[in-house]
Amino acid sequence: MTTPTPLAPDGDDPLVIAGTPLRSRLLIGTAGYPTQAIMAEAVRASGAEIATVSIRRVSLRGHGSDTVSLLAGHRFLPNTAGCETARDAVMTAELAREALGTAWIKVEVIGDRETLYPDVAETLEATRQLVDAGFVVLPYCNDDPVVCARLADLGAAAVMPMGSLIGSGMGVANPANLELICRRSPVPVIVDAGIGTASDAVIAMELGAAAVLLNTAVAKADDPVRMARAMRHAVEAGRLAHGAGRIPRRARAEPSSPQLGLVGS
């Protein structure tokens, strides 16, 4: 007997990545919080099922780290942060699979240290090699529809275009590109990087993103736990608004109340 796919809390279809249904469309990072205890509380407040973790902060002997033990029950998405070549990213992914027992990997291959822009050629090559090695690959990339299409063609389980520069808090810098990517992509689009506050997450979801991944916006907020809760509601609101359909923009007013029967008419 087939187990029914669980619906999200609002009755929406769940996010599905590589055949795995997820109730939350928010993915959250675990770096940069004031304390590990605040990190764990914020992750729980966000409602996220997936937490990203840098393999550099996880024991390779299999004993785990504070992050892993504090977030028991969550699905971990290790990343290749700090890698600058496909070779390094593949090696880091192999270490992550050994340390965490997961084939899921967020590929980050940085091409410029000042802007933290991804290296497109190396990201494509890392994705190709890791897909061939049996990984579930979620690559971080620039907001280029062609690059996202190439990554999907290579077998990426989702694509993760940047909203804006990592840690910048500038929100969605290129909504036209992002909307095009979301409309065309055959795999889920997860907006990654640049989210600064809840309204940024709403915009990303309204443009058609399947999910949002964020870290700094919560970790560096004055109250990370409260911001995590805000992000949870923002992602849900943006998803609902996208499905509901916004009214067209007009350059003129249009009354919402009927004009018939007005006094003096």
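Including glycine, each Cβ sits where the backbone N, Cα and C put it.
Keep in mind that this is a model prediction, so the values were computed, not measured.
All protein chains shown were included, and the count of other CB atoms within 10 Å of the CB of Lys106 (active site, schiff-base intermediate with DXP) stands at 27. According to DSSP, Lys106 (active site, schiff-base intermediate with DXP) sits within a strand segment. Sequence annotations record features per position, and here Swiss-Prot assigns active site, schiff-base intermediate with DXP to Lys106.
In sequence order, Leu116, Ala193, Thr216 constitute the residues six or more apart from Gly167 (1-deoxy-D-xylulose 5-phosphate binding site) in its chain with CB-CB distances below 8 Å. Taken from Swiss-Prot, the feature 1-deoxy-D-xylulose 5-phosphate binding site covers Gly167, Ala193, Gly194, Asn215, Thr216.
According to Swiss-Prot, the region 'Disordered' annotation covers 245-265.
Sitting within 8 Å of the Cβ centre of Gly167, Ala193, Gly194, Asn215, Thr216, and not among those site residues for 1-deoxy-D-xylulose 5-phosphate, are the Cβ atoms of Leu165, Ile166, Ser168, Gly169, Ile195, Leu214, Ala217.
In the three-state DSSP scheme, Thr216 (1-deoxy-D-xylulose 5-phosphate binding site) is classed as helix. Between the alpha carbons (Cα) of Gly194 (1-deoxy-D-xylulose 5-phosphate binding site) and Lys106 (active site, schiff-base intermediate with DXP) lies a span of roughly 17 Å.
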